[in-house]
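As structure tokens, the structure follows; a few thoughts come after it.
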Amino acid sequence: MASGQQLSAIKGAKVLMVGAGGIGCELLKTLALSGFHDIHIIDMDTIEVSNLNRQFLFRQSHVGQSKAKVARDAVLRFRPNISITPYHANVKDSSFNVDFFKQFSVVLNGLDNLDARRHVNRLCLAADVPLVESGTTGFLGQVTVHIKGQTECYECQPKPAPKTYPVCTITSTPSKMKGVVKDPDLLSIDHHGTGFVHCIVWAKDLLFAKLFGDKKQDNDLNVRSNDAATSSDHSEDIFEPKKDEDIQQYANRVYDHVFGHNIQTALSNEETWKNRNKPRPIYVKEVLSDEPIQQNGNAEKSLVNDNLSSLSAMTYLGLKNPQDIWSLKENTRVFFAALKLFFSKRQKEIGNLTFDKDDSLAVEFVTAAANIRAASFNIPLHSLFEAKGIAGNIVHAVATTNAIIAGLIVIEAIKSYLDVAMWTCRVTCYNISGMKWTSFSVAGTDGVGMTYCLEHPSRKMLLMPVEPFEPNESCYVCSETPLLLEVNTNRAKLRDLVEKVVTSKLGMSLPLITHGSSLLYEVGDDLEEDEVANYAANLEKVLSELPYAITGGTIITVEDLQQELVCNINIKHREEFDEEKEPDGMVLHGWTPAPATEKNEDATDNNNGASTSSAAKPAADVMEADDELSIIEPGIETISAGGKKRKLSDVPNSEAPLDEKRAKKIPEKPESDGDVIVMLDDGNDDIRDSSTVV
């Protein structure tokens, strides 16, 4: 039991939660019931219908409202005497600076994207505030603690880069994707192989972007022929509506081009189809036979509460179940209906749209287009529900996993804030068939630790403790190690450096670039007009032609004023780059995203999704709600980016004692103090009816 002094300390702690989604809802409830009285929540999202199956603080009537504010009101109903301060805002807003973070005892992350996680990590380092990170995907989960100077920071180990696909591969044939798509999460979603994933990527990143995004972007959809004579009839911009052409005529022309002409052109290259099945061109007249599109009543009925993002082609056509698999004719009707609704109801947005998984009309259009292309290549069609999961890279969440992880977050938050000697957490695993108790302590550097929640028992445990890793000496974020940039200084512009390195790879929000004492570029609201014009002009200049030239051997300093992060970059001039392997035309060393690896079905089934290699294998970074998960197989030594061996803490079984080194860190405690009880079946079978108390 906690002493009065400990409970008083918990009551006096000031906690910042970032994210009020799947993990966040469980976490806020658990914090409130654990004695915390001063909680602040930041979340920029509003509640969607798809959130209601696991974010239990929200109800149907809350759809469209702020997650942070509704979560606060819900918890105050059963804990009215505590203080909860919500912020319906982006954590990257300038108001959430280092001084803001310094007021908190601990920061708890429940975010859903890499960029925001890196931003919070840097602010916590600058403010010297402990950060507890977390993530879940399906039945898997993890909690990690990051303390400046004691443990590695969130960025000490490489994270997966956003998944990209070569345009030449996307526009050719789905069968080629077998050697390209290596995202284990996409593979786990696409049960029919990578062919339909290819179709989704094609529909989302090429067709949707071309029709509704920036019309000027480079895109291979206009002409798919290498023969100038063949393509002469299609030399005009197919995606530009003609004068006096109605929406249906325009839609027919686009449909016949991308699903008919482009496929027909691809078939002309006989070498491509020697060892694979040929696709069939699909034209409107063959599918609809000049039938008019039958709509279900008025187009206005497809609009809910005047919310344009709720505009629905399914409602427009009278289709009801998103888990139904539409026929080719139905997909064609949805394609036309969605395109018609975009041009008639959302005309002002066209030219600036990007795909959003919460945009109903966008998801319907992408699903229909992907299915039509899949039909052409004889790939099984998918439902809207399945297609949305693939397009949004969604691994559907399990509420119980979120609850377990939320409990572990609170445990680590308490340990990182209070006297660790008083709060060494003990985990007890119960083996039902063997009737044996296995007890061990989750204690690492200064008592804090990392815990992995597994889908199947490993060493008869579902909760796997991992001793925290030391800071990586090669980390440019917490160890300030210089980076090396190979670039052609006579071709690359300052804009390329800013967009491809500073903001994209280094994740800086308000960058400032200097060469010696000379300022080359700065972003901020307090700049004078002449300064803004000067920096804008610098962006268009080649690096070697800047007022203070950047050439081989130059050292530039990049600083983010909001994150209080400073990074030195050594410049190395290089003439040529491989366009396929190095598409940016520059290579940054010292910042290396972990490559995605192909999923091993057997290894996943037997090892809780853990890596069977010698390195930790992070899951995909972009998932729907509760992502960013790195599952590591127990007992495997891993190699850090700095070249040092990283070993998971030894987890004792019922016969083996704790090793002496770790035992010295763990003070004697009564058996009931801070225990976590986990009931397990023997073996690796799924647990169908387990009781887990966290």
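Positions of Cβ are set from backbone N, Cα and C atoms, glycine also.
In TrEMBL this protein carries:
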ACT_SITE  Cys168  active site, glycyl thioester intermediate
BINDING   19-24, Asp43, 51-54, Lys67, 112-117  ATP binding site
BINDING   Cys153, Cys156, Cys475, Cys478  Zn(2+) binding site
COMPBIAS  222-232  compositional bias 'Polar residues'
COMPBIAS  233-242  compositional bias 'Basic and acidic residues'
COMPBIAS  605-615  compositional bias 'Polar residues'
COMPBIAS  658-672  compositional bias 'Basic and acidic residues'
COMPBIAS  685-694  compositional bias 'Basic and acidic residues'
DOMAIN    7-440  domain 'THIF-type NAD/FAD binding fold'
DOMAIN    339-388  domain 'Ubiquitin-activating enzyme SCCH'
DOMAIN    485-577  domain 'Ubiquitin/SUMO-activating enzyme ubiquitin-like'
REGION    219-242  region 'Disordered'
REGION    577-621  region 'Disordered'
REGION    641-694  region 'Disordered'
Open item on the list: Using the alpha carbons only, what distance in Å do you get between Gly19 (ATP binding site) and Cys475 (Zn(2+) binding site) once rounded?
Closed with: 26
- [ ] Report the mean pLDDT of the predicted model across the domain 'Ubiquitin-activating enzyme SCCH' (339-388), rounded to a whole number.
- [x] 91
Open item on the list: Quick check: with Cys153, Cys156, Cys475, Cys478 left out, which same-chain residues have Cβ atoms within 8 Å of the centroid of the Zn(2+) site Cβ atoms?
Closed with: Leu125, Glu152, Tyr154, Glu155, Pro471, Asn472, Val477, Ser479
Task: Count of other CB atoms lying within 10 Å of the CB belonging to Asn53 (ATP binding site) - done: 11
Task: In the chain carrying Cys153 (Zn(2+) binding site), residues 6 or more apart in sequence that have Cβ under 8 angstroms from it - done: Asn121, Leu125, His146, Pro471, Cys475, Val477, Cys478
Task: Packing count at Asp43 (ATP binding site) (other Cβ atoms within 10 Å of its Cβ) - done: 25
TODO: Have a look around Cys475 (Zn(2+) binding site) and count the other CB atoms within 10 A of its CB, chains all included.
DONE: 21
Task: Count of other CB atoms lying within 10 Å of the CB belonging to Asp112 (ATP binding site) - done: 21
Task: C-alpha spacing of Cys156 (Zn(2+) binding site) relative to Asn53 (ATP binding site), in angstrom - done: 35
Open item on the list: Rank aside, I only need the closest one: which of the binding-site residues Gly22, Asp43, Asp112, Asp115 has its C-alpha nearest to that of Cys156 (Zn(2+) binding site)?
Closed with: Asp115
Task: Cβ-Cβ neighbours of Asp115 (ATP binding site) (radius 10 Å) - done: 14
Task: Per-state residue totals over the domain 'Ubiquitin-activating enzyme SCCH' (339-388) - DSSP helix, strand, coil - done: 32 helix, 0 strand, 18 coil
